[in-house]
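Okay, so here's the structure we're looking at.
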Amino acid sequence: MPDNEYAILVKDETSTYQPPVLVKDGTATDQPPTLLKDGLSTDQPPTLVKDGTSTDLPPLIKLRHWQSWLMMALNIFFLLAGQAAAILLGRSYYEHDGNSKWMATLVQTAAFPILLIPYFLFASSHEPSSVSHPPALKTVSLVYFVLGVLLAGDNMLYSVGLLYLSASTYSLICATQLAFNAIFSFIINHQKFTALILNSVVVLSLSASLLGVNDDSDGPSGVSNSKYILGFLCTLGASALYSLLLSLMQLSFHKVLKKETYSVVLEMQIYTSAVATCVSVVGLFASGEWRTLHGEMNGYGTGKVSYVMTLVWTAMAWQVCSVGVVGLIFVVSSLFSNVISTLSLALTPIAAVIVFHDKMNGVKVIALLMALWGFTSYIYQNYLDDLKEKKAQADVNGAPNGSSCQ
């Protein structure tokens, strides 16, 4: 699954003390406490408030300017490399006679314990363990269970899509998740739907449509047109379901968990991945595919060791991608994390041409250019929103103390 992982945006942070003080470009304009912008701070540990809940920042965010750039570059590398490698390894599994869709689904979340490393290093011991009115355990468990089941279903759709599509076509269709994200964010999270966002949605939709009606299907060898269409529909449905999942997660943070700290986002990812892994294991045994795994390993095109290592490294790559996603959310912003994830999906076809010698015909080139156009429209709109937000902060900075937020 393109992992984009769990794009949660923290906005409108205000201090619990009076008067509030703003931070701009990492420099406090007055004494602490401070208000953070873009997750950067150079003074003492500040406190953020979201929906009335105070949350101390983990050390990952309390970085100097050069350190923040280094961490941003490192997390971009994790996201780009992890997502591209996971897609290419997933396609390689099918290319060399791997056939289990449930196994391909399982490896997308099975390595979730890796996330415990950043959880214990950067988060859990530095953030408060409770809020003023913590949600009931039954409620939180239900949220994690429902989201985990949806995640497992989404991973299965992606597995079917990758089985019947080339890696380049699959990645281009997955890039439509940005359009679906805009639609569901408007419906569920009440975010703005501007002309540029509408342009992005339309262009990305047309890009996917071009691939859907392409006569030269460019599917893997032995894949019929009907299976190509099935792969196309499953991948498109998976992109829509993944975007819905992100919006539901954001809604859960606002309405149920009521805070969005580094550890809480990691907990969401760990617990939902654990549920998705359990569902995938049940599906593997219920479908009877587990009986074919031994023969599949013996008949794997590049040998038994290669079979095991392909699955292991695919699982590892997805979790490396997840670390990059969560890291970018808190070093920069959730929007930036989403955009880099979509950019990776648009660029993966180039890697697929190099690795698998996928055909890059005229239709796919046009689809790629349209995907980049839609991506550019989306990010430019959010660049304008960021300028507006900075101007509002500057106005607050210049306002007299008596007119500050109460």
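Heads up, the Cβ atoms here are built off N, Cα and C, so glycines get one too.
Annotations in TrEMBL come from automatic prediction, not curation.
Features reported for this protein in TrEMBL:
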REGION    20-51  region 'Disordered'
TRANSMEM  69-90  transmembrane segment
TRANSMEM  102-122  transmembrane segment
TRANSMEM  142-164  transmembrane segment
TRANSMEM  170-188  transmembrane segment
TRANSMEM  195-213  transmembrane segment
TRANSMEM  228-249  transmembrane segment
TRANSMEM  270-287  transmembrane segment
TRANSMEM  307-332  transmembrane segment
TRANSMEM  339-356  transmembrane segment
TRANSMEM  362-380  transmembrane segment
Selected stretch (most C-beta pairs under 8 A with the transmembrane segment (307-332)) from 69-90, 102-122, 170-188, 228-249, 270-287: 69-90
Same-chain residues near the transmembrane segment (270-287), Cβ under 8 Å, at least 6 residues beyond its ends: 100, 102-103, 105-106, 108-110, 112, 115-116, 119, 144-145, 147-149, 151-152, 155-156
Per Cβ pairs under 8 Å, the stretch of 69-90, 102-122, 228-249 packing most closely against the transmembrane segment (339-356): 69-90
Leading stretch by Cβ pairs under 8 Å, where the reference is the transmembrane segment (362-380) and the options are 102-122, 142-164, 195-213, 228-249: 195-213
Ranked first among 69-90, 102-122, 170-188, 195-213, 228-249 for CB pairs under 8 angstroms with the transmembrane segment (142-164): 228-249
Positions on the same chain near the transmembrane segment (170-188), where near means CB under 8 A and six or more residues out: 2, 4, 7, 87, 91, 158, 161-162, 197, 200-201, 204-205, 207-208, 211, 231-232, 235-236, 238-240, 242-244, 246-248, 250-251, 338-339, 342, 345-346, 348-349, 352, 364, 367-368, 371, 374-375, 378
Other parts of the chain folded back onto the transmembrane segment (102-122), taken as Cβ under 8 Å at six or more residues beyond its ends: 1, 58-60, 86, 90, 93-94, 151-152, 155-156, 158-159, 162-163, 262-263, 266-267, 269-270, 273-274, 276-277, 280-281, 283-284, 287, 289, 293, 311, 314-316, 318-320, 322-323, 326-327
